[in-house]
Amino acid sequence: MGLTDIFLNLLLFVYPAVFIIYQIILYEISARKQINQEALKYSNLPVLSIIVPIKNEEISVIQGLLDNLSNLIWDKKKLEIIIVSDDNEDYFTKIINTVKVPKDLTVYFYRREKKLGYKSGALQYGFEKATGDLILTIDVDSRLPPNALINAYEKMQSNTCDAIVFQWNGYSSNQYSTLAKGMVVSTLFASKALFEGKEKLKLKIYPVGSGTMFSREALRVVNGWDYRLVQDDLEIGTRLIYNGKNVCASGIPIYVEVPDNFYSFYVQQTRWAMGSAEVLRNRLKYIIKSKISFTQRMDLIIYLLQYTPVIVTFFISTLLSLMLPFRIGHDPLNSPALLFWLVSLGLYASLLLSLALKLGLNLKDSLMGIGRLTAFTVSISPFIVFNFFKGLLKSGNTYVITPKGTVKKTNKLLRIIAIIGVFGLLYLLSSILYIYEGYYVTGIWLLYYSSAYLYTMLLYYKEL
């Protein structure tokens with residue numbers, strides 16, 4: 001095996017496996033961290049402002065959030081809800097006239113006339129209107145348990161936190177969505193690993209867009225959100241850390257709605273890929289110059305590179321497909337690195353399956369959910385690549401809101417599926433030719449890789 005093949009195998013198998021094993025380690029460490037979630041009583045609570053950006057949201061969803069917030073344990077005289085709308089004037093008026101505000105809540109509705117940026121701009125607008133010493137950002141379809149706020153505040157006080165992150169627990173109102181079941185499992189797994197696991201290792205934590213409580217002073221120091229960038233949470237997180245602010249994990253759940261159809265999943269993941277790359281481009285200097293340890297800096301950068309294993313795998317798989325006509329003379333993937341990748345993937349899958357069963361899913365739903373999520377993730381690799389480099393090369397990108405509910409077969413969706421199908425057939429044809437030439441390992445690998453694309457092309461309609 002030559003140096004080129006060694007490098008190829010390191011990128012294709014070892015590089016993604018390292019990311020997988022790192023997340024496994026963080027998840028296992030998070031399981032050892034016990035967090036007190038008993039409701040605490042405070043007689044002198046600060047004013048808390050909850051900022052909720054909305055656009056084209058169903059009124060029933062807005063009503064559901066307000067009803068949920070009215071049940072939270074907090075001095076309601078010291079609680080204000082700030083809803084920032086980017087809707088047109090007619091729909092905004094309809095919202096105000098239709099929503100029934102619970103009697104004990106103070107709710108302010110604002111419509112942005114001058115729409116600077118997207119979600120980041122809406123959060124900054126809300127921050128400028130807020131009067132609270134604490135600022136909580138939350139999506140309109142997220143929900144909190146009754147003791148969430150007061151427990152989070154207690155930890156902020158006891159651990160001297162400038163911001164505290166709630167633990168993402170996925171939910172879906174679509175009980176028939178196999179994708180949503182897989183998303184619920186992976187969301188909780190990632191949340192435990194990336195928040196509680198990192199805190200246990202004394203690594204730095206990024207805020208999340210829905211479910212972070214900030215001190216007003218911390219936001220003041222960094223001048224709030226930068227409306228020019230798409231990924232509001234990662235963007236502000238780098239500047240908070242640069243300014244020496246402490247972001248903590250609470251271990252307290254917030255229930256966030258997960259995508260329940262292919263197109264919503266596609267929009268969410270491609271936006272996150274673009275956003276993380278955009279932050280990498282614009283905020284890397286803040287990470288490098290932060291007065292934190294080398295390990296902490298590297299971990300923050302690795303988090304922003306979380307989509308690169310998908311990107312590297314796509315490039316190498318495509319390269320392998322195009323190499324065959326040149327008669328390479330040997331099996332390029334016949335390497336022990338493949339075994340390392342298989343073991344890491346097996347461990348990861350077993351942990352996801354175990355978590356799915358703990359969450360109450362039966363074995364069939366668990367396997368189907370994890371499998372469908374995996375296939376969809378692989379199949380959108382070309383679009384992850386495009387959007388990652390789009391974010392890396394320029395700022396001022398468009399924030400596309402994750403659509404909810406039933407999705408129609410639009411021309412855009414059909415184009416996406418067509419592109420997925422073309423790549424799937426390319427990898428399938430290449431796998432057959434590699435096997436025919438006697439390069440069995442590479443051929444089987446490409447057959448495996450093509451299956452995700454072909455599966456999505458043939459079955460995506462079941463998740464619409």
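Numbers run from 1 along the shown chain.
Even glycines carry a Cβ here, placed using N, Cα and C.
The transmembrane segment annotation in Swiss-Prot covers 6-26 (among others) and is backed by sequence analysis. Outside the transmembrane segment (6-26), and at least 6 residues removed from its termini, the chain residues within Cβ reach (under 8 Å) are 189-190, 192-194, 197-198, 201, 302, 306, 308-309, 312-313, 316-317, 332-333, 335, 337-338, 340-341, 343-345, 347-348, 351.
Here the transmembrane segment (300-320) has long-range neighbours at 8, 11-12, 15-16, 19, 22, 194, 204, 206, 234, 238, 241, 272-273, 276-277, 279-280, 284, 287, 290, 332-333, 377-378, 381-382, 384-385, 388, 423, 426-427, 430, 434, 442, 445-446, 449, meaning same-chain residues at least 6 beyond its ends whose C-beta is under 8 angstroms from one of its own. Positions annotated as transmembrane segment by Swiss-Prot: 300-320 (among others).
If you look up Swiss-Prot, you'll see 337-357 (among others) marked as transmembrane segment.
When Cβ-Cβ distances below 8 Å are used as the criterion, the transmembrane segment (373-393) is approached by residues 179, 182-183, 186, 230, 262, 265-266, 269-271, 273-281, 307-308, 310-311, 313-315, 416, 419-420, 423-424, 449, 451-453, 455-457, 460, 463 of the same chain, each at least six residues removed from its ends. Annotated transmembrane segment per Swiss-Prot: 373-393 (among others), in sequence order, evidence recorded as sequence analysis.
Taken from Swiss-Prot, the feature transmembrane segment covers 416-436 (among others).
Marked as transmembrane segment by Swiss-Prot: 439-459 (among others).
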Spatial neighbours of the transmembrane segment (439-459) far in sequence, C-beta under 8 Å, 6+ residues away: 262, 313, 317, 320-321, 328, 330-335, 338, 372, 374-380, 417, 420-421, 423-428, 430-433
